[in-house]
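Annotated in Swiss-Prot:
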{"type": "TRANSMEM", "residues": "32-52", "note": "transmembrane segment"}
{"type": "BINDING", "residues": "CYS35", "note": "heme c binding site"}
{"type": "BINDING", "residues": "HIS86, HIS187", "note": "heme b 2 binding site"}
{"type": "TRANSMEM", "residues": "90-110", "note": "transmembrane segment"}
{"type": "BINDING", "residues": "HIS100, HIS202", "note": "heme b 1 binding site"}
{"type": "TRANSMEM", "residues": "116-136", "note": "transmembrane segment"}
{"type": "TRANSMEM", "residues": "186-206", "note": "transmembrane segment"}
Amino acid sequence: MSKIYDWFEERLEIQAIADDITSKYVPPHVNIFYCLGGITLTCFLVQVATGFAMTFYYRPTVTEAFASVQYIMTETNFGWLIRSVHRWSASMMVLMMILHVFRVYLTGGFKKPRELTWVTGVVLAVLTASFGVTGYSLPWDQIGYWAVKIVTGVPEAIPVIGSPLVELLRGSASVGQSTLTRFYSLHTFVLPLLTAVFMLMHFLMIRKQGISGPL
């Protein structure tokens, strides 16, 4: 094992990377509330794992979506547990994100020189809410259908661009297969990719600037 480690160490300088990660200064005022961002990240990773598992059985069509969710819950081994963990971690992610935003705001973590860190955090908050909206529709039950119809109908009130925007969201003039396809694509590909990119930016800036000091 030591020879294998030495081989990688010679090429990648693993020890130097580990020392840099573990030697980062942590201010003495840091408490448990500073862990809320990390908990949000953990919930996101759980979402990715459980969501990926469900894609093997879920069918994004208006005729089969609800039946496929029922199949996951009743027929698939541990499907009920995977979907339940997905739902619970989704709620936990939203809650932890809200508490994290409040903590950062109340402790002044958005002030100079951390404005861009705050901006990426706000973008991540919007993406988190978007996960909730798109994921809520995927079972395509009565609640999901009418939730999508209401949410996608909100932009109708915007002058000039309202109607085209509604059609863009729905994929057609009314809620249907095109809407479900778009929401599924957003929920399983577009939003996770954007979230991963902005999380990386967020963490790199935190790593560079460090944790904000006390008020």
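The backbone N, Cα and C atoms fix where each Cβ goes, glycine too.
Checking Cα-Cα distances from the residue listed as 'heme c binding site' against the binding-site residues (HIS86, HIS100, HIS202) with a 10 Å cut-off leaves HIS100, in sequence order. Cβ environment of HIS100 (heme b 1 binding site): LEU36, GLY37, THR40, GLY121 lie under 8 Å away, each six or more residues apart in the same chain. Around the Cβ of HIS86 (heme b 2 binding site), the number of neighbouring Cβ atoms within 10 Å comes to 19. Packing around HIS202 (heme b 1 binding site) is summarised by its Cβ count: 21 other Cβ atoms lie within 10 angstroms of its Cβ, all protein chains included. Long-range C-beta contacts of HIS187 (heme b 2 binding site), restricted to its own chain and to partners at least six residues apart, with a cutoff below 8 Å, comprise GLY51, PHE131, THR134, GLY135, LEU138.
It is 24 Å from the Cα atom of HIS202 (heme b 1 binding site) to that of HIS86 (heme b 2 binding site).
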